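Structure, as C-alpha cells:
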C-alpha cells in the first residue's frame, strides 16, 4: 500500500451525472460539498462541470466555465487544492488561469494544439485511457489483452506530451474504468487486478477511479446510490495494489478502510 496515497473527492457540478446529478449544480451546494469532502479526508477536490455518463447531453465550455467559476474562487480562498475534470481545452485553460493543481482529462489530452499552453503551466495532468473518444459509451472492449491496449495508448500519449515540452514528472496515468473500458465488468476487474503493470512499465503514478462505476453495479445488481460497499471493496483493492491516487465520492469510509489496512500491515510486520 502506498503511504502517500492521495484521495480525490468528487464534486459533480452537473444536472445529469449518474449518481448525484443536480445535487451540486448550485454554487453554494457544490462549495459546501467540497468542504464536507475535505473534512472527511479528501486531499484534492475534483470538480466535474459535465457528466461523462453515456446518456448525458453535451455541455459547452462556456457552460462548464460558468459552473466552476464561483466554486473555484471559493475553494481557492479556502486554500483547497482543486482538480478540473474536463476534456475541453477552453475550460482547461480557464482552470489553469485560476491556479488549479490538476487537470483530469477523460480523453487523455489529445489536442496537440493545446500542448504549448500545458507546457507553460505547472499543474499535474491526469491522462486517462479510454476505448472511445469523449464520454463513456456502451461498447465492447477491444480484442486482445486490454493491458496491451492501455500500454500502447500511454506509450503514444506520453511521447506526444513530453515531446511538446511537458515534463514527465507532471503526468499521472488513469487506465479508465467501467464504460471507459467497455461494457463487460470483467474488463474493469482485470485492469483493477493488474494496474501495477502500468506503474512498473512507465514509472509514473497511477490514479484509479472505481467509485460507483458501472462494473460494480453490474456485479452486484445495485443502483448507483447503493454500491457504497462494492465501491469501498474495489478502492481498498486499488490501495492494496499500490495506487497512488484514488478518486472517490466518499472519502470517509475509504480513510477508515485505509487505516485498517495499515494497522493489519503493521501487525503482520511485528509478529
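Cβ from N, Cα, C; glycine included.
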* **Among 4, 15, 52 - the residue Swiss-Prot places in the same 7,8-dihydropteroate site as 85, 104, 174, 179, 213, 214** => 52
* On the Cα atoms of 85, 104, 174, 213, 247, 248, 249, which are listed as binding (7,8-dihydropterin-6-yl)methyl diphosphate, what is the maximum pairwise distance in Å? -> 17
* Structure fact -> One of the binding-site residues 52, 104, 179 has its Cα closest to the Cα of residue 247 (4-aminobenzoate binding site), namely 104
* To do: List, in sequence order, those binding-site residues among 12, 248, 249 whose Cα sits within 10 Å of the Cα of residue 85 (7,8-dihydropteroate binding site).
  => 12
* To do: Give the distance between the Cα atoms of residue 52 (diphosphate binding site) and residue 213 (7,8-dihydropteroate binding site), rounded to the nearest whole Å.
  => 11
